[in-house]
């Protein structure tokens, strides 16, 4: 994996080509380049010489994998084709996690299975300094089991953005000035799992998994991690020249903002910011706006 640095010294432009632990450019990457199996190796199958994988869930086990190293800031994305048909009770998760106990940071995509013909729901959640309970749910406007779609998380010093096919579905700004925790002190690994959660996943646990339809399969490809690897150069995460810290990534552009409003108006089915039974006083981060 190669990173290019342009450094200007007087009138001479040097091009440094470094094989670096600072930034990983994973497009295209094979599974074993950046990831390892963490759970049920027998239920993960590599396809196309490792450029894609299949995850399997049955009554014996689910499965999972994780990145080999952790990262500070950047962007991670994968193309995923979710469990088709009657997937009620299953959860396909794609997330970043600091793997620390009481003060963990975590950025979650959780795809909640459905009964045939019902919309697939994606739940996002954010943990910062050990505080979570920031769930939002969006009904996807397409069938995510019919083909691969790209799911991405952008994480910089200014904000966190969850994307579906380059359409932002959630923005979480850095509001430390308002006393709101923001994940910026701990590196996070990239994780994914396919597992059974029929006590809560579909209609709050009312719809149970139908094991007669097992095994259940989800597929992944185009693994792309771009960020500061930890351990690595100490100044990488604070470098303002990292592309994800550039002016174009400090806020949504006009097109992204319009798409974001469309998602919020038409596809959000739950937002903790509006749940007065849980939060009689609106959390301060919910008042920040777009």
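Even glycines carry a Cβ here, placed using N, Cα and C.
Curation plays no part in TrEMBL annotations; they are all automatic predictions.
Quick look at what TrEMBL annotates:
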- 1-26: signal peptide (SIGNAL)
- 22-220: domain 'GH16' (DOMAIN)
- 106: active site, nucleophile (ACT_SITE)
- 110: active site, proton donor (ACT_SITE)
- 114: N-linked glycosylation site (CARBOHYD)
Checklist entry - Roughly how many angstrom lie between the C-alpha atoms of the residue listed as 'N-linked glycosylation site' and the residue listed as 'active site, nucleophile'? => result 25
Checklist entry - Within 10 Å of the Cβ of residue 106 (active site, nucleophile), how many other Cβ atoms are there? => result 20
Next on the checklist: Please list, in sequence order, the residues in the chain of residue 110 (active site, proton donor) that are at least six apart in sequence and whose C-beta is under 8 Å away from its C-beta.
Outcome noted: 91, 92, 93, 95, 122, 123, 124, 125
Checklist entry - For the domain 'GH16' (22-220), what's the model's average pLDDT? => result 92
Item to check | Number of Cβ atoms other than its own within 10 Å, given for residue 114 (N-linked glycosylation site) | outcome: 25
